[in-house]
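Colleague: The structure follows.
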Amino acid sequence: MEAGDATAGAFVRRDGDDQTAKDQHKAPKREQTPTRSKMEQIFGFKKEDLTSWHSFVSLLNRPTDPASLGIFRCLFGLLMVIDITQERGLSNLDYKYLDGAPVCRFPLFNFLQPLPLDWMYLVYVVMFLGASGIMLGCFYRLSCLMFLSTYWYIFFLDKTTWNNHSYLYGLIGFQLTLMDGNRYWSIDGLRRPSIRNAHVPLWNYTLLRAQIFIVYFIAGVKKLDADWVEGYSMSYLAHHWLFDPFKLILPVELVSLLVVHGGGLILDLTAGYLLFFDVTRPYAFFFVSYFHCMNSQLFSIGMFPYTMLATSPLFCYPDWPRNFFAHFPSFLRAVLPLTSPGSQPSPSCVYEEIQGSGTQLKHKLGAIFTVLYLMEQFFMPYSHFITQGYNNWTNGLYGYSWDMMVHSRSHQHVKITYKDRKTGETGYLNPGVFTQSRRWKDHGDMLKQYATCLHQYLPRYNISDPEIYFDIWVSINERFQQRIFDPRVDIVRAEWSPFKPNKWLMPLLVDLSPWRTKFQEIEGSLDNQTEIVFIADFPGLHLENFVSEDLGNTSIQVLQGQVNVEIVEEKKNYTLQPGEQIKVPAGAYHKVYTVSEDPSCYMYVYVNTTEAALQKNFTKLYEIQERVRNGTETEPLPPELQPLMAADDDEGSEVNATDPIVRLFLKRQRRMKEVKKRREAGVLERLQRFAVKKYYTIRRGILMTAIAMRNLAVGLPPLEQLTREVAYANMKEPQAEASQDERLKDEVGHAEL
């Protein structure tokens, strides 16, 4: 990937070295320019290339080596093949689209509905074949259309799965459909020698490079948000083990502020620029690669880190694969990409040296498309003033704004109330009933769809023409927990339009944001067993809450405003001013009314007495166990404590324990040891564990797809046979359940995020 001048990093560059044809069917070799302007050395094009529409079209259609584009096409297709079985959900498709199940769905357009389950598998087969065709460069245009049509159908079918990188995959697939991505290392090139190793127009590279630049740069601009700059967006990441080296020299607070937030901001703002230029590209490669490798461990974002790694070489010289694969042994040349220099001419390009090779309509259309597409991509992240109905506390649906990780949310309280309009009966629904997603809690458009769906399903349970009310409490970027939607509005009959502001959205209390500094001081003054929740509420509203019997010493302390606390069972009311507090009984309901003219702020302080007592017993058991191990225990243990004397790896001691606390103690110890063993595992063991997990995931997807295709071809088999086939597809790793990792993480505080 060596580079001789600064042209490789620009959106556009002169690629004269590739034009080395020697006969009349090939473009003549361009003479070496004796001197080049400073602009041409830096950006790869001259000022004259921008002085007229004709020269601009010629620039964007300049013949360019197809090698780098071909390698990227292959890598992107491979990553999409893997992605289909994982993040696109092929391996658990039957759980998501089970026929006949009463499920509320959240498509972008309400007329979009999933097909029957077996036909959904067929949709995924078409998408899989399309991605495979892109990877192999086989029937390239058809493969792109197969992948693109099914991918966007799946994408629009469920807004709850939207994210920025899934949107990016669709954009890249759309771009590749219009590009000549099959000119290098493709089966199409073997079938059609006329396109093999043929030039591609420069706009193919310009579009992809600009798209990746937009991803980085707009993400950096969005991180100029005050919450990110002040370190509130992703503060929890600093506790991850990946940042342990930084914690050797910095306190965790500074690791969060300087490394997580400061480093992320600087990298996103500068990565796109640094990748463009020869001098800075090696440094950009290092930091960008390190960044994406960390993200692959920090977040469950599928193939996105690897896709971004695959885009980095696009900023190198287009002929870098020829130089790279030329170093491989000669006996591999038959299966490796071409390494010989030079490409054959293509009608997709404009050759200024050949008479009669002027700009044609398709060249002009390519240039127009490039300009319009890039304008649209710069506009989309800031188009929320049009689609105002999708705006909540943050602008738009998460997925096309490149505001990655700028906002983190936590939900403290969610209540769904229904009212039968005929009988007047009221009741409560389990949050999330009839749906598999939780993202409806933060988006007004999804909440409207959810309420409409509940209105359709509840009559099956003798609830006629119900009204649906939502009381959802959210904290965004470590602010107060507060209501996001008006709990007094019947969402079924509430007005909603994609182009009008949501009238039942409650405003974010940004004026209370400075309290976050005080939160840290208050939390720092508490012991490890005391928990705290900060609440803010609007005048005229109240919070109805139930205190679990496990939570002893629960009190409410007012920070700002005035509240009235009603103890429901006692039928007593207490008015509290700032600084005053009251203890609320456990195992009972209470209501907190905001009676001041301004929003009230208060906090719940409580201790999980059950957990505290359990930890105290665990401490005693651990001390006894240590004394037994080092021989300092002088008295014989009672029968219920005898399992503590068993060997560390004796799982039978856990089973033989008669005391429930001893059994739970031994179980937790065993799991903590398993977590420690996994963390201390070597690279080979980690790779083996990763490969086995992916094997069973992909295996299930393939087998369930085969069952569905058989069902479509010859019909359903007997139920017993179908049950056996599904059970075989569901076979797990012999020594571990699939969910074991998650259970272990719940047991240990320093879990992998």
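Yeah, the Cβs are placed from backbone N, Cα and C, and that goes for glycine too.
TrEMBL labels come from automatic prediction, so no person has curated them.
Feature list, courtesy of TrEMBL:
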REGION    1-38  region 'Disordered'
COMPBIAS  12-38  compositional bias 'Basic and acidic residues'
DOMAIN    61-320  domain 'HTTM-like'
TRANSMEM  121-154  transmembrane segment
TRANSMEM  202-219  transmembrane segment
TRANSMEM  254-276  transmembrane segment
TRANSMEM  283-306  transmembrane segment
REGION    733-753  region 'Disordered'
COMPBIAS  740-753  compositional bias 'Basic and acidic residues'
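Give me the lay of the land around each of these features.
Modeller: Mean predicted confidence for the domain 'HTTM-like' (61-320): the pLDDT average there is 94.
Here the transmembrane segment (121-154) has long-range neighbours at 70, 73-74, 76-78, 80-81, 84, 88, 90, 93, 112, 115, 169-170, 173-174, 176-177, 181-182, 185-189, 704-705, 708-709, 712, meaning same-chain residues at least 6 beyond its ends whose C-beta is under 8 angstroms from one of its own.
Only residues 6 or more beyond the boundaries of the transmembrane segment (202-219), in the same chain, are considered here, and those with a CB under 8 A from a CB of the stretch are 11-13, 15, 59-64, 68-69, 72, 164, 168, 171-172, 175, 179-181, 267-269, 271-273, 275-276, 308, 311, 314-315, 318, 366-367, 369-370, 373-374, 377-378, 381, 401-404.
Sequence-distant neighbours of the transmembrane segment (283-306) (same chain, 6+ residues past either end, Cβ-Cβ under 8 Å): 79-80, 82-83, 86-87, 163, 165, 168, 237, 240, 242, 264, 267, 270-271, 274-275, 312, 752-753.
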